[in-house]
Amino acid sequence: MLTGEGERAEAREVGGFRVYDTRTSTVCDLETVVPGKVSIYHCGLTVQSAPHVGHIRKEVVFDVLRRWLAHLGYDVTVVANVTDIDDKILAKAEANGEPWWALAYRFERELHQAYDALGCLRPTYEPRATGHVPEMIELIKVLIDRGHAYAATDGSGDVYFDVLSWPAYGELSHQAIGDMEPAADADPRGKRDPRDFALWKGHKPDEPETASWWTPWGRGRPGWHLECSAMAAKYLGDEFDIHGGGLDLRFPHHENELAQSTAAGQRFARYWMHNGWVTAAGEKMSKSLGNGALVSEVVRAYPPRAVRFYLAAPHYRSAIEFSDTSLAEATAALERIDTFVQRATVLVGPELASPVVPEAFAAAMNDDLGTPGAVAVLYTAVRTGNSALAQGDTDAVAASLAEVRGMLGVLGLDADDPAWAGSAQDDRLEGVVDGLVQAVLDQRAQARRDRDFAAADRLRDLLSGLGVEVADTPQGAEWSLRAPSTSTTTSDKDGV
Ligand SMILES: Nc1ncnc2c1ncn2[C@@H]1O[C@H](COP(=O)(O)OP(=O)(O)OP(=O)(O)O)[C@@H](O)[C@H]1O
Ligand SMILES: [Zn+2]
């Protein structure tokens, strides 16, 4: 296990981001291919089911990274692929009796809803595997020409990467080829070596024809590892800065991506970042294990900003055990921060100082995205601000408020960020609003029974002034939000 292993950077001068690189197991200065720009590729979802909290942790981690690098002044490009063809997608679609592509689109939309629910910025480019078959075919041709790939010897239409032809194979996960297990992703019969992995999978008679594309090696569909190599090169060129994903992807997926791309003559990623897992009872939260808490359900139970806080606060390389207690603690902690922001804003008034980021916070974030240290600085600023509030020291309150808002902004947690508008919290508020309107309608009904039409009219006007339309039906009064341009002129007396 590499989680938590390796050195952590010492406190550095603010400004220079340092990153733990899985390949070298060291913390390095980020030296980007193009000064002032940073390019990031992180492996996206296989859209075979709704995203769980483990999936969205990866999105939150890379969203915080992106926001921090942008704060440092980098022009950031982010690519996250969508794997929209794969064994599990085909199997599930068949079991459901729906086209495989319909299932994939459906869960891709759910992924987008999860991004939005947790305030994650969408990637700059979000390429689908099925849209990049020509690029994959070209890459396979290069690998075959260079002697690193071959068509299966059993005529299945599979194409394999020849691991023994690439001595560096194993460099990312620090394994010797001789110690590796056979690759699990293809029929071993047509392979030269059991550890060779599939670049391309030949069409099988029981699979839908729409799930196959013509190639010089017959009809078939992409191997998972090849997709990412082809799409990373298309959008980021033959060398880019950071390649990311969950720890489980380090081997075989990322090892295979690295082998394919470098064997094809590309330099590929400079740094590899892997986030730790969200676990449930100590095991990786996973669709396959059926222990996944769906994002859509968790953001109904807890405020979405608190869920983000819960996922962003621990160090990205450590595991997070999923628990209601921790989510409740994150909710309470964020409420304390929000209470300070609200009270401070009332005191300081509308002319807020521009948000700033304290140096200690920046130093923690520059140290391999050290969010635990950064969050400690945030708590200190809230404590200092609360003391200043107690003393009525408006200048000190304003200074703390500027810091707290600056730090919340970088973490993607500023409550005023438009990302939170229309979040799942609205669903929770809907229930509250419905209860309040019903209470007013009950009072109005009572006023009508008492033939106090003036009071009934006042209550109706109150609701109308708030844009609430009331319709009297045989089942009782029903309410809806009025379209902005319409108005009501009827009186309760008219309705009696
Ligand atoms: N429990 C988890 N904790 C953190 N990251 C995760 C977790 N599960 C998946 N990821 C990451 O989410 C991204 C998309 O994963 P992918 O669609 O390949 O799911 P997966 O790992 O096959 O999930 P599952 O095991 O649930 O089927 C990858 O970068 C993966 O590492
Ligand atoms: Zn990938």
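Quick reminder: no glycine exception, Cβ is built from N, Cα and C everywhere.
Nobody curates TrEMBL annotations by hand; they come from automatic prediction.
Feature list (source: TrEMBL):
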- 360-422: domain 'Cysteinyl-tRNA synthetase class Ia DALR' (DOMAIN)
- 181-214: region 'Disordered' (REGION)
- 474-496: region 'Disordered' (REGION)
- 45-55: motif ''HIGH' region' (MOTIF)
- 284-288: motif ''KMSKS' region' (MOTIF)
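The residues of the motif ''KMSKS' region' (284-288), classed with DSSP into helix (H, G, I), strand (E, B) and coil, number 0 helix, 1 strand, 4 coil.
Here the motif ''HIGH' region' (45-55) has, by DSSP, the following mix of helix, strand and coil residues: 3 helix, 2 strand, 6 coil.
Here the domain 'Cysteinyl-tRNA synthetase class Ia DALR' (360-422) is broken down by DSSP into helix, strand and coil counts: 48 helix, 1 strand, 14 coil. Across the region 'Disordered' (181-214), DSSP helix (H, G, I), strand (E, B) and coil residues number 6 helix, 8 strand, 20 coil.
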